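Contents: one structure, followed by commentary.
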């Protein structure tokens, strides 16, 4: 598609200089605005379904700067060619591409646009002997930007006035053709003229493909067009300073006859035209374009398009009507393996073929109904008789030669013919023709023109699940079988090309785009981006789910061993970016395929199919939920409408996976194994070679819905009263029978409730008490020391030494947590940052105090600074005590609400600063005249109005002003008081009230998550509280180590096996699917579906009522017309004579004209005719 040229584009000196430079550097003539010598490349597509298209790149920089948006016209190309070829016009053999496109006795081929009433269509005028490869290199890819098709629908048939019988429904054919082409990203190729079947196809595209998503290419002979059309198409080739890149089809209106033959006109609803010129004009040029069309279709069908996979593209020829001329094209197509769809009821040769096939089929079925062999035609004599009879019925005015008879025989006996009748869906017949019947699909021999992968891709795109098994097995055999990696290659193809179908359309990685361009074929011009419609992308991805399920059913072991990496799935999509378990270069498991599919944003139905085959479904569901959320933030953290929708879909998928995990564990909990399962390690989800339990895995991944579930809270309670390291079989502390007397008994028994002292102190609930008391004692001692100035005297006091060792003990705890969690996770915790702050300040201030403090009562400057530092450090110390309260549900939820309000207050403070500073800057110059007064007053005095205090100096200055100045100042001061003290304060109250209500709804979930985090911290805490934890390494060296004791006496008395089997998990999975489906059916979505069903029912009732009313009105008018006709013919017609046909026809006409008559509801019954 070429933009219009500016009229003065060849008069500008800079542009002329650019042209001279281009002549020197070019190695091929120019078309469009690209430079062949400038390294223009095509993006190589690896997607047979066509979603990637050909990556459109920027045009040549040098040309853009010189001529802007002007496209170099054919005039300029002709001048270049004249200079290169010489004045004699002989072709320069250095440019064979352009030589093949240039028509006979012309200086250049033409490429422009035709403006029809319904839109514009690009066209090219080329030689009838052009090479398809050159056409793609110079026109189709760079100018038209067409993507590689998945299917070629070649329409063949009569160009005359076709009269179809009742066996052919034009509307169904038109709709089915466009539907089949749209669903498969197909190309439709016709003769392109406004007659016969080509006109039917064009009108079908106009009605059912208004957005022109399907390329409908017309290949027409130039000489067979009317003279007006020929003159119009040649305008772009005329050597005039003003070049036309768009011609108006209105200038070519009208018909033209040559003898008894009507010359052709282009059909206005085709999207593209290829006009073939052989140097001749007139009726004899009809059909001269067929050799090029055949060569063009063969070139595309062989997968030879630049930048596409070198794999065959399925082709189907559809015969509508047709005559003897069509036989040659049909035979050539069948010989190349192209199936043929014959439309029954369209007349002529199409009905001849259908009748012969129907007769032979009936005879074959009668002779041997049990035979499974292919239907065959009998002897030549019998076939000749059948053909003669069929020709007399459908082609009475035509005679077939012996060559034509042989062609018909070859077509009928080829076994590649499918009949489309009025009772069929055209898309089903086309698919049946491409894929063949069950016998041909099961055969190990495939058609030479279409590969098994292309057939499987079409079956997926059309959702034909019945073909998946046979085609899948053939694909594996085609890729080497079981012994030579066939399943692995099939898995790679299915996931790379179908599961990730359309993913490249939204790829934002510029680096990968450059890489793709660097791999494209060099020396050709750049192409424009062609993206697959989103509806097709969703359709293919949804239909891939059953195919993946088939793989899992038959090749589960191979899928579990498939390596997900950049080596197998390619750059940049092969790598799994989910890093919650650490970034891996490759995953060799079914888990890797699940995570990879999530990052390709596969539909939830497909992801759940993969998840249903996981060995550890709860771990997998939690990981999937985390991967969905991480992908949503990474890929769609933008503000566009598309990103918002995509992010919501991923978030919904994450919630659904987390809900599935909850349902599975709840189902296990009903059998008494739910809580225990949370503590079973899964070796398929490892961190540093160590398996993860669901208990810790859910918390690490931030799955708050799962963590807040009842069974998880029970598990936390169990963890809370079990000595560390935790094990499900260890004995738990019974807090109901624990008393203060038991705790005091440790002084002489060194045991509490049957636990040794060390075991009792290692229980998380005991640690919480001991560490909490230690924290409270530390804060109390520190506050006492600061308040009574015990830290600013010279020397080292007992309090300073105690606080110093306490600080070291707290620091030792933080170091252990840092080693366990990692730096990034450690600093992301607010409490850890607060600990690091106040411990560092404490130790630093204590050391400086010992070094610089003296024993004088009066504070020197350094001591005063240190005292201020200690005083300020008390604030984070006291705030840190709040973490202890997180373990309480009451105080924990209040803390969450307080933190939420604090965030709102910070945002609210921005408004306060704007208003207060604004009024301060406006009022201060009015009230205070001198610069000294303004400096003393400052700009912060307005902030006190937020609490209702107006500055006294400002109020006093108001009385000294006079006239209008005083009025203005009073208005401003009271406006400040109104805004800050009334509006902003009430706004803050309303915001905090809203925050409180919102947090109340989610505080339980957030508190449960925070509580788990606080409980799990005791895994890394020291058993003894600070500062006693500094002695712990020495105590461990004495033999009091944890985890090396004999745990046999701590195991439960029942000795029952609490492990969960694979069967238990599978049953729980199935029940979880049923439960979540039931929840969705009884939720809001079910209500919406019920409403939709009710609206559809009412719509059907109204439609039926409308039909009844139309019938009633039509019958009434028909009776009136019959009555009037009877009166008129009564004097001329005998009493017993039948009614005149004209009268009946007139009545029928009235019926047709009143089919959409609008009437009011009538109570009279419907009158039947007669």
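The backbone N, Cα and C atoms fix where each Cβ goes, and this holds for glycine too.
What TrEMBL lists as compositional bias 'Polar residues' is 24-36.
Taken from TrEMBL, the feature domain 'TRPM SLOG' covers 122-362.
Across all of the domain 'TRPM-like' (510-708), the predicted model scores a mean pLDDT of 83. Summarising the annotation, TrEMBL assigns domain 'TRPM-like' to 510-708.
Taken from TrEMBL, the feature domain 'Ion transport' applies to 784-1000.
Annotated region 'Disordered' per TrEMBL: 1-60, in sequence order.
TrEMBL lists 793-813 (among others) with the feature transmembrane segment.
Per TrEMBL, the feature transmembrane segment maps to 833-853 (among others).
Among the features that TrEMBL reports, transmembrane segment is placed at 881-901 (among others).
Under the heading transmembrane segment, TrEMBL lists 908-928 (among others).
The annotation transmembrane segment is assigned in TrEMBL to 967-989 (among others).
Counting same-chain residues at least six beyond the ends of the transmembrane segment (881-901), those with a Cβ under 8 angstroms from any Cβ of the stretch are 768, 771-772, 775-776, 779, 831, 992, 995-996, 998-1000, 1003-1004, 1006-1007, 1010-1011, 1014-1015. Listed by sequence, the residues of this chain that lie at least six past the ends of the transmembrane segment (967-989) yet keep a Cβ under 8 A from its Cβ atoms are 904-905, 908, 911-912, 915-916, 919, 922-923, 926-927, 942, 945-948, 950, 954-955, 957-958, 961. Residues 778, 781-782, 785, 835, 839, 842-843, 846, 849-850, 853-855, 1021-1022, 1025-1030 of the same chain sit 6 or more residues outside the transmembrane segment (793-813) yet have a Cβ under 8 Å from a Cβ within it. Residues 934, 937, 939-943, 945-946, 954, 957-958, 961, 965, 968-969, 972-973, 975-976, 979-980, 984, 987-988, 991 of the same chain, all 6+ positions outside the transmembrane segment (908-928), place their C-beta atoms under 8 angstroms from a C-beta of that stretch.
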